[in-house]
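Below: the structure, in structure tokens.
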Amino acid sequence: MSNTPNTPIVGVIMGSKSDWETMQHAINILEQLGVPYETEVVSAHRTPDKLFQYAEAADGRGIEVIIAGAGGAAHLPGMVAAKTHLPVLGVPVQSKALNGMDSLLSIAQMPAGIPVGTLAIGKAGAANSALLSASMLSNKYPAIKEALLAFRKNQTETVLDNPDPREQ
Ligand code: RP5
């Protein structure tokens with residue numbers, strides 16, 4: 001059990017600024033839960049050397065979980081996972097050409113030995129990547145556990161308090 005550090009413990013990277021529209025939903029949840037994070041663009045194809053440097057240095061800088069979002073030929077999460085033992089959560093960004101099926105299959109179908117925890121396509125996957133990060137960190141950091149449990153309780157109560165589907 002530890003106090004939540006002031007320095008980032010979750011790294012949220014994405015292949016392009018165009019992924020921000022999706023990945024901001026991960027950031028929103030991390031902020032709600034008080035999880036220290038960092039975020040930046042790291043492209044598997046356009047900045048491959050930066051990808052290697054980021055993945056190799058992450059553990060030493062105190063990062064405990066990496067969330068990687070990418071679309072299309074989405075090699076970012078898998079290549080990051082290949083260069084670090086840290087858990088990597090992959091978010092398939094919904095591509096224009098193939099609606100994210102390309103992203104999903106690129107990220108999910110890893111060879112045995114190098115896992116990527118693959119989330120759903122798009123906004124739901126981004127939000128859930130942050131919630132899953134919080135779950136992974138919750139037994140070490142009591143404040144994150146408390147925030148996560150409160151988030152879930154509030155979500156449940158909101159649904160129970162509004163059972164009429166005709167009312168928005
Ligand atoms: C991937 O290619 C990115 O993750 C993004 O989803 C996709 C398109 O990138 P842009 O052409 O919009 O920069 O590398």
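For all residues, glycine too, the Cβ spot is worked out from N, Cα and C.
Worth saying up front: this structure is predicted, and the values here are computed from it rather than measured.
Going by TrEMBL, these are the annotated features:
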BINDING   S16, D19, R46  substrate binding site
DOMAIN    8-159  domain 'PurE'
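Apart from S16, D19, R46, the substrate site neighbourhood in this chain, defined by C-beta within 8 angstroms of the site C-beta centre, holds M14, G15, K17, S18, V41, S43, A70. When the binding-site residues S16, D19, R46 are checked against ligand 1, S16, D19 have a Cβ within less than 6 Å of one of its atoms.
The secondary structure of R46 (substrate binding site), as reduced to three states from DSSP, is coil rather than helix or strand.
There are 11 other CB atoms within 10 A of the CB of R46 (substrate binding site), with all protein chains counted. Less than 8 angstroms from the CB of S16 (substrate binding site) sit V41, S43, R46, A70, G71, each of them six or more residues away in the same chain. Of all residue pairs in the substrate-binding list (S16, D19, R46), the one with the greatest Cα separation is 14 Å apart. Within the same chain, residues at least six positions away from D19 (substrate binding site) with a Cβ under 8 Å of its Cβ are V41, G69, A70, G71, V93.
DSSP assigns S16 (substrate binding site) to coil in the three-state reduction, placing it in neither a helix nor a strand.
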